[in-house]
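**Q** The domain 'Pyruvate carboxyltransferase' annotation in TrEMBL covers 31-305. Annotation source TrEMBL lists Mg(2+) binding site at Asp40, His244, His246, Asn280. According to TrEMBL, the feature region 'Regulatory domain' maps to 439-552.
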Amino acid sequence: MKTAASDKYRPYPTMKLAARRWPDAVIAAAPQWCSVDLRDGNQALIDPMDSHRKMRLWNTLVAMGFKQIEVGFPAASQTDYDFIRHLIEGGHIPDDVTIQILTQAREDLIRKSFEALEGANKVIVHLYNSTSEVQRRVVFGFDRQGCIDLALAGTRLVREMSAQRKGGEVTFQYSPESFTGTEPDFAVAIVEAVAAEWGATPERKMIVNLPATVEMSTPNIYADVIEWFCATVKNRDSLVVSVHPHNDRGTGVAAAELAVMAGADRVEGTLFGNGERTGNVDVCTLALNLFTQGIDPQLDLSDIDAIRRVAEECTGLPVHQRHPYAGELVYTAFSGSHQDAINKGFKARDKANSPVWEVPYLPIDPADVGRSYEAVIRINSQSGKGGVAFVLERDHGLELPKPFQAEFARVVQDHADREGRELAPEEIWLFFQRTYLADGRMQVVDYSTVPVSKGQRALTATLVVDGKERIVQGIGAGPVDAFVHALEKDLGVMVKIKDYHEHAIGQGSEAQAASYVAVAGADGAVVHGAALDASVTMAALKAIASALNRAG
Ligand SMILES: CC(=O)SCCNC(=O)CCNC(=O)[C@H](O)C(C)(C)COP(=O)(O)OP(=O)(O)OC[C@H]1O[C@@H](n2cnc3c(N)ncnc32)[C@H](O)[C@@H]1OP(=O)(O)O
Ligand SMILES: CC(C)C(=O)C(=O)O
């Protein structure tokens, strides 16, 4: 980047805090959540939501457990106004949910907002005006006092209209909008003036929302300012301090978390971070971050895919595949060492039967957000033996021995490299069948055994070799040993079994035997073979044939 261009920008002022406390704070409970999907999220859409989409999103937000929901800017849009009337007149607002509306500090807009709220039980009236130095100078053309006067005029009217209002209580919320561009001492001054005008008390608290309207600094500086604000503002116990981080620097989540550590009681945000420019802070991520620390987030995210679907369909914006917790790929490992560790983690967990989650590379149990283990491990050229073995065990019950895994993984990896793409589990299974189970030069058709002396059995096997039927006979300590001797005696094929494993797949009459052998060829190279059969002995003989066929 050219140096000349960066001369345009100035560093954000830091805060001189004598003994900042937030770095040592630990979040022990969820903050109050307020969804602003239907307002801030909506105002950022190319096509703002119609009533139908708003209603669908509303129902999802309520079902998730949001108790405060900003439902619109009724004085700005007829759709918002009508939607709010529909919520109220249709009786769609549960008793424990408070709707919030946004208005500027302008008389006509405030009056219209109260009109929209008629008949609603509890409401939050959210008044804002921009307080930043730039906006005072460039947009409004007034000084600090002019800015305070505007806020006070708006507050006064909200107070008067709240007193006249029939029906339930009004909670007042004030936002010094563009707080991050506002001198902290001025933010305190204007909030104190507004709180005095409103008459905030510890019994009738006012919400003070301190938005990172534009995220302009590292999150630690935002936290410093929040801590300083909370320590400095008069009558802190009459205020609910709220934050409303945007994500211009990509650190909205961190800013919200540090702000809560610094003393904020409440967080405004949206599902998956939709909102102006780079979005509002993502409440799903914040909530699940808490969840992974053992803290009840007070929001139900147990079916994150369903929530994601609604959000995507209502906003028309896709959630990124790598989005924390919700992205399509975030519970999937392609790379070999990750797959191996996840596979071992799952096995250790099954064995230990422990409630504590400690599967490597998975910060959260996918099942807790309604995701399944199915797609955790997927195979491409970056995958190793653990991943391939995981897929075969998960889908087909095969427990491949370690050296066997290594051999088959090489086959799969070569193919994935050639194809340059992910291989579906069905393709891997097809590959396994083609590599080990398909008919080769030698096929075992049948066999029988009889005891000949103590510990010795004679085996007769019918084979097809190069298309011709052959009968071979041999004696050995068991059927495998007898088969090896038969192959040597009658076909002149030397077989050195280096390793042998078998296990059952399934139970009862449906059960199958899986056999795996490692055979050393004349040159000493080890080749593996495998077979499945209803009979354990037949599976063993077929596995030997499989290895010999592969050895060529
Ligand atoms: C950071 C945020 O997200 S804040 C929320 C922003 N959301 C929206 O603006 C969405 C909906 N807004 C709208 O539909 C319109 O802007 C309306 C209906 C609110 C107002 O419409 P209009 O008056 O026609 O236009 P416009 O927004 O351009 O008005 C700007 C005027 O409002 C003034 N103004 C802006 N914000 C405020 C405020 N919070 N309080 C008082 N006056 C304000 C401006 O100084 C300007 O005054 P001027 O006309 O004397 O120069
Ligand atoms: C109205 C305020 C809270 C806002 O949306 C913002 O500052 O981003």
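Glycine is no exception: its Cβ is also placed from the backbone N, Cα and C atoms.
Note that the coordinates shown come from a computational prediction; the quantities given were computed from them, not determined experimentally.
Help me understand the surroundings of these features in the structure.
**A** Under the three-state DSSP scheme, His244 (Mg(2+) binding site) falls in the strand class. Residues near His244 (Mg(2+) binding site) in space but far in sequence (CB under 8 A, at least 6 apart, same chain), listed by position: Val36, Asp40, Ser175, Asn209, Leu210, Pro211, Ala212, Thr213, Val267, Glu268, Gly269, Asn280, Val281.
Taken through DSSP, the region 'Regulatory domain' (439-552) splits into 32 helix, 58 strand, 24 coil.
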**Q** What other residues of the same chain, not counting Asp40, His244, His246, Asn280, have a CB atom within 8 A of the CB centroid of the Mg(2+) site?
**A** Val36, Pro211, Ala212, Thr213, Pro245, Glu268, Gly269, Thr270, Gly275, Glu276, Gly279, Val281
**Q** If you draw a 10 Å sphere around the Cβ of Asn280 (Mg(2+) binding site), how many other Cβ atoms fall inside it, taking every protein chain shown into account?
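**A** Asn280 (Mg(2+) binding site): 31 neighbouring Cβ atoms within 10 Å.
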**Q** Give the sequence-ordered list of residues that share a chain with His246 (Mg(2+) binding site), lie 6 or more positions from it, and have CB atoms under 8 Å from its CB.
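**A** Listed in sequence order: Pro211, Ala212, Thr213, Val214, Glu215, Gly252, Gly275, Glu276, Arg277, Thr278, Gly279, Asn280, Val281.
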**Q** Counting across all protein chains present, how many other Cβ atoms fall within 10 Å of the Cβ of Asp40 (Mg(2+) binding site)?
**A** 23
